[in-house]
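The structure appears below as structure tokens.
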Amino acid sequence: MSTLLWLRKSLRLHDNPALCAAIEGSTHLFPVFCLDPWFVQSGRVGTNRMNFLLESLHDLDASLRALNSRLIVLQGDPRDELPRVWREWKVERLAFEIDTEEYAKARDDEISRLAQSMGVQVVTRWGHTMCDLDQLLKHAGGTPTTNYNSFLSHFEMESRLQPVKPIDAPRRLPPLGAIAAAEATLPSIDQLGYARSHRSVILPGGETEALRRLEEHLKREEWVATFEKPQTSPTGMNPFGDRTRSTTALSPYLKFGCLSSRLMYDEIKKVYTRHPKHSKPPTSLHGQLLWREFYYTCAHGTPHFSQMRGNPICRQIPWGADEELLAAWREARTGYPWIDAAMTQLREEGWIHHLARHAVACFLTRGDLWQSWEEGAKVFDELLLDADPAINYGNWMWLSCSCFFYQYFRCYSPVAFPRKYDKEGEYVRHWLPCLKNMPAKYIYEPWKAPIAVQKSASCIVGVDYPKPIVQHEVVSKENMAKMAMAYEAYKNGKSSVGGLSTTMGAKGKNPLKQTILPSSKKPRQ
């Protein structure tokens, strides 16, 4: 039997159920990755993540070649490209991993129908998550829970029925069969229309690098056993060094499936057996993988999970829609150095610590700017190396207090919060060179520095670095009042997407006027 393995996220040989299913009974195997223009040519994927993907594909191709196969790369809509090659290569079976993203569900259903209409057998397997998400939903009564602790009980039930254990990588593969030479060519980032980054790669893509990094972490058994995510630092200057980082930075490898979540879970479990007093979920390393599974299950069972409208678990909050505020946040010119430094790192490297993500998300939404979490999620979706829709949208709903977390009175201060981790402001100085000479006393609020100090630091606020676009002490209180009104309206069943029916004015405008300061120039960097 001639089988086409359609690779999408599991860009690895280890613990790949779809690959193993494709091998079984096959005389020829065609490993295919399709560069879908819906992702590649839409502006949805930034340069850093596209580069990571291409590196991962090159690594997978090298691994396949070591087994006398190779990666076949198609460019175009898979609904057009796959039927074409089924005919040309006389494919009898299609195998792929189940993808629960909204776009992927519709695409995969259509391709499965096309395959069946052409007499091509379809085989699917769960592989990107630790469990079969449909089974997790059954344990929840068919509706996903938005409570993490409740989810843990569902996971425990399922893992007893189906233990979380990885499967071995195959030692041999069926031969490739005849294909056109051009089909096997992997394009460069330039050929895809992306400008090359001037920065060195911080996280090389691919299964080989993922396994190496996991192995290095596992050597630090005490660190693995006692890891607690809230204790890690958002301002570490070298979060990627094997022995210096405070967090794993393995999320991009999990996102692309270069690293199996089941393998990681199982290897950590082995460490835990040797350290009985290990940390526990939700803050432990197991807890982080379970957060991933939690959000995946929520997204799989919730219609319109990526938006506010029509999303049954999302509170309908009347966010503002100010493009100037959104642009200032996106372009790192809010006038708050901690926020701007984090957004600069995000754009430059495609990664920021989870606490930095929390801070910038809170600042954009309920904390300061009162802009929709949907807009922030779009920016993260473009720029993050590890942008994973279920986790990204879930976190944005959490941090905007739209779902999962409701203590809206707890707010990240863009001044006090970073001081807890980095009193000297080294992180800010690194990412915002215009502030490198600013005294530590003023590094997080340079607008308070006397003009003589600003001149001495060669950084005049309003000229070399922007003035604050809002006054945090004022808008944070205003926004808490708005959140209280939104929650009360939601409680009374009066909320609507257009606004709060009992509190909104004409055209959905909010009567609580927000204190916006004059816009500032882009900082000199």
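Cβ atoms here come from the backbone N, Cα and C positions, even for glycine.
Per TrEMBL, the features are as follows:
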type: DOMAIN; residues: 1-130; note: domain 'Photolyase/cryptochrome alpha/beta'
type: BINDING; residues: 247-251, 288-295, 386-388; note: FAD binding site
type: SITE; residues: Trp319; note: site 'Electron transfer via tryptophanyl radical'
type: SITE; residues: Trp373; note: site 'Electron transfer via tryptophanyl radical'
type: SITE; residues: Trp396; note: site 'Electron transfer via tryptophanyl radical'
type: REGION; residues: 503-525; note: region 'Disordered'
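Sequence features, as recorded in TrEMBL, placed on the structure.
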residue	record	CB count, 10 Å
Thr247	FAD binding site	20
Ala249	FAD binding site	20
Ser251	FAD binding site	21
Leu289	FAD binding site	22
Trp291	FAD binding site	21
Glu293	FAD binding site	23
Tyr295	FAD binding site	25
Trp319	site 'Electron transfer via tryptophanyl radical'	23
Trp373	site 'Electron transfer via tryptophanyl radical'	26
Ala387	FAD binding site	21
> Taking just the CA atoms, what is the gap between Ser251 (FAD binding site) and Trp319 (site 'Electron transfer via tryptophanyl radical') in Å?
Replying inline: 30
> Rounded to the nearest angstrom, how far is the Cα of Trp396 (site 'Electron transfer via tryptophanyl radical') from the Cα of Leu289 (FAD binding site)?
Replying inline: 18
> How many Å lie between the Cα of Trp319 (site 'Electron transfer via tryptophanyl radical') and the Cα of Trp373 (site 'Electron transfer via tryptophanyl radical')?
Replying inline: 8
> Which whole-number value in Å describes the distance between the Cα atoms of Glu293 (FAD binding site) and Trp396 (site 'Electron transfer via tryptophanyl radical')?
Replying inline: 16
> Tell me which residues of the chain lie with their Cβ under 8 angstroms from that of Trp396 (site 'Electron transfer via tryptophanyl radical'), as long as they are six or more apart in sequence?
Replying inline: Ala361, Thr365, Trp373, Glu374, Gly376, Ala377, Phe380, Ser402
>> Could you give me three numbers for the domain 'Photolyase/cryptochrome alpha/beta' (1-130), the DSSP helix, strand and coil residue counts?
In response: 58 helix, 28 strand, 44 coil
> Given the model, what does the mean pLDDT over the domain 'Photolyase/cryptochrome alpha/beta' (1-130) come out as?
Replying inline: 96
> Should Ala387 (FAD binding site) be counted as helix, strand, or coil on the basis of DSSP?
Replying inline: coil
